[in-house]
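Participant: Quick one: the structure is below, questions incoming.
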């Protein structure tokens, strides 16, 4: 079975997201934990969560993926911004325990001319202060495209962050196809080679989710602009190879393409028809 979903609005709660996922043929979804700008999160509606968990069990949902606000920067030069990122992420993880055994994804951040080494140290330090031994949520570092001073632009930087985290069992990676294509990893022509490199540097056992996006920009452009599946520089053939690859096909795939629900439904149908497992 292809485990696939897309980014959904959380404005009407978890049950609503689950129902919308089913309407478009998905068995998972991604959502923002709060406003993308990081404002106060809505109170947890325990009845809504209960109804969603029942729906998810009845329909064989795989793990869902919570996404931290884009504006968080755990390696900012401003100490207040770093503290804010830690505060929000810690609160998000506390709330995620209402939906146990799922995934939480965040962008590592930008070091803003402090240097990559400083950025890596701040990010790993933030994770060490946030992660708890008894948590059930796995925190995923997202692979980035390398625009500006982003940390996580290559596998080595992600690996170094993980190396410095104490509770490594609670940390994994979300691989974004648009991001790594734009960062200079040739998933179109050399997917096996890219995965071998990932495995040797980070370890495929640390790969827990994939953001499945085409790219509006050419290879190694360091731009990060998502395109609908098959209409960008990655293309449908390469995406088909990704979802069918024996080292990837078991993972949950999350579409973040520029679409409304109907567009996501069409993409999911297309990808299911291309899935050969």
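From the backbone N, Cα and C atoms, a Cβ is placed for every residue, glycine too.
Okay, so Swiss-Prot annotates it like this:
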BINDING   67, 107, 142  Zn(2+) 1 binding site
BINDING   142, 176, 211, 256  Zn(2+) 2 binding site
BINDING   179, 224, 226  Zn(2+) 3 binding site
Participant: Give the helix, strand or coil assignment DSSP yields for residue 226 (Zn(2+) 3 binding site).
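Facilitator: Where residue 226 (Zn(2+) 3 binding site) sits, the three-state DSSP reduction gives strand.
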Participant: In the structure shown, with every protein chain counted, which of the binding-site residues 142, 176, 224, 256 has the densest set of Cβ atoms within 10 angstroms of its Cβ?
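Facilitator: Of 142, 176, 224, 256, the one with the most crowded Cβ is 176.
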Participant: If you draw a 10 Å sphere around the Cβ of residue 179 (Zn(2+) 3 binding site), how many other Cβ atoms fall inside it, taking every protein chain shown into account?
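Facilitator: Total other Cβ atoms inside 10 Å, all chains included: 27.
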Participant: What three-state secondary structure does DSSP assign to residue 179 (Zn(2+) 3 binding site)?
Facilitator: helix
Participant: Test of understanding: give the count of other CB atoms lying within 10 angstroms of the CB of residue 107 (Zn(2+) 1 binding site).
Facilitator: 23
Participant: Could you measure between residue 224 (Zn(2+) 3 binding site) and residue 176 (Zn(2+) 2 binding site) for me? Cα positions, answer in whole angstrom.
Facilitator: 10
Participant: Helix, strand or coil: which one is residue 142 (Zn(2+) 1 binding site) in, per DSSP?
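Facilitator: DSSP call for residue 142 (Zn(2+) 1 binding site): strand.
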Participant: How many neighbouring Cβ atoms, not counting its own, are there within 10 Å of the Cβ of residue 226 (Zn(2+) 3 binding site)?
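Facilitator: Total other Cβ atoms inside 10 Å, all chains included: 23.
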Participant: Relative to the Cα of residue 179 (Zn(2+) 3 binding site), which of the binding-site residues 67, 107, 142, 211, 256 have a Cα no more than 10 Å away?
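Facilitator: Near residue 179 (Zn(2+) 3 binding site) by Cα: 142, 211.
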Participant: Quick check for the class: what is the C-alpha distance, in angstrom and rounded, between residue 176 (Zn(2+) 2 binding site) and residue 142 (Zn(2+) 1 binding site)?
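Facilitator: Approximately 7 Å lies between the Cα of residue 176 (Zn(2+) 2 binding site) and that of residue 142 (Zn(2+) 1 binding site).
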Participant: Reported as an integer number of Å, what is the Cα distance between residue 67 (Zn(2+) 1 binding site) and residue 256 (Zn(2+) 2 binding site)?
Facilitator: 11
Participant: Excluding 142, 176, 211, 256, which residues of the same chain place their Cβ within 8 Å of the centroid of the Cβ atoms of the recorded Zn(2+) 2 site?
Facilitator: 105, 143, 174, 175, 177, 178, 179, 210, 213, 254
